[in-house]
Amino acid sequence: MAQGALRGPSDYSGEPHRHPSLRINAKEPFNAEPARRDLVASYITPVDLFFKRNHGPIPILDDIDSYCVTIGGGPRRLSLDDIRRLPKYNVTATLQCAGNRRTEMSKSRKVRGVGWDVCALGNATWGGAKLSDVLQLVGVPYHTEITPSGGKHVEFVSVDQCPEEKGGPYKASIPLGQATNPAADVLLAYEMNGEVLKRDHGYPLRAIVPGVIGARSVKWLDRIDIIEEESQGFFMQKDYKMFPPSVDWDNIMWSTRKPQMDYPVQVTVVGYALSGGGRGIERVDISPDGGKSWFEAHRYQKQGVPYVAGNITSDKWAWVLFKAIVDVKGDIEIVAKAVDSSANVQPESVESIWNLRGILNTCWHRVRILATPKLRSFM
């Protein structure tokens, strides 16, 4: 890599400043999430309070004019100015770590991974060029499923140094048909909430793949390759795969499962509901008595605009916030569950979806409340 270009350091001496209110789950590499109350305080998550998910030291860019990304596995290299000349799109989308709510799953049976609470996600407006437009520059038309040379996947390659990759970069891929579909809204983003990306979030350029787990939205882009098979990177082949509860670390066979892409419907009582694949949230049900009786919560996204799943006024790639008022008359257990526009419903218990990596915990969310006189709980 050229002098002054984007580089992944081998130590943590040049880490950026982080907001002091973040709950730190790991210091090196830095992984942290906001407090529950801060997360649901606004529909658009402030950049400083957006969860931080890293696998190594944060890359450094000394000279923005020297930066470029290689496209298509060939000689075509685009500077940030080249990408900015393409039509700019703003896409509001929620990114979520597949390990969100892992600590809850660990209470059933121990799992491995960063100990996330319920806030390893955030909702932002991402600005950048559509990947489908960028790929057209290297001769790949819209809605291409396979290239003449047999390419069926688009691989994003970073510059960070990951121990899991033996010091190599983080990498992940998505199907070519998704990458070349303008309606999929896959971005090469250089802005977050109207500002230049911060280092923790992929400066100067990152992929945003709406509707799938955050592990596919690769940060600090160095290369974008068109390949025949799915990326062979560690985080595609030996992590972020969904296994049944019968699989443990003694009998796991990674090759028997496809890399996880979409996430299923989920909700927590702190106020967000989310489904993968751009599916809307049809209903959020709240039970004040541990699941014996239910009532529907109020759903919303943008202030003053009624939320309707699948409507053009709603952000299909983003979370849906909800609000319900529960009268507390003694000690109670509040339960929340959601139904998406494809009628997917959350499973009742964590035991039925337990997996050794502790990912995709989407069971009913339960919160026990100990009453005090005249207390009302606002969810």
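Residue positions begin at 1 at the first shown residue.
Quick reminder: no glycine exception, Cβ is built from N, Cα and C everywhere.
Taken from TrEMBL, the feature region 'Disordered' covers 1-28. Sequence-distant contacts of the region 'Disordered' (1-28) (same chain, six or more residues past either end, CB-CB distance under 8 Å): 34-35, 38, 48-49, 52, 56-63, 66-68, 114-117, 119, 158-161, 167, 169, 198-200, 204, 220, 222.
Residues or ranges marked as domain 'Oxidoreductase molybdopterin-binding' by TrEMBL: 55-235.
When pLDDT is averaged over the domain 'Moybdenum cofactor oxidoreductase dimerisation' (265-369), the result is 89. Residues or ranges marked as domain 'Moybdenum cofactor oxidoreductase dimerisation' by TrEMBL: 265-369.
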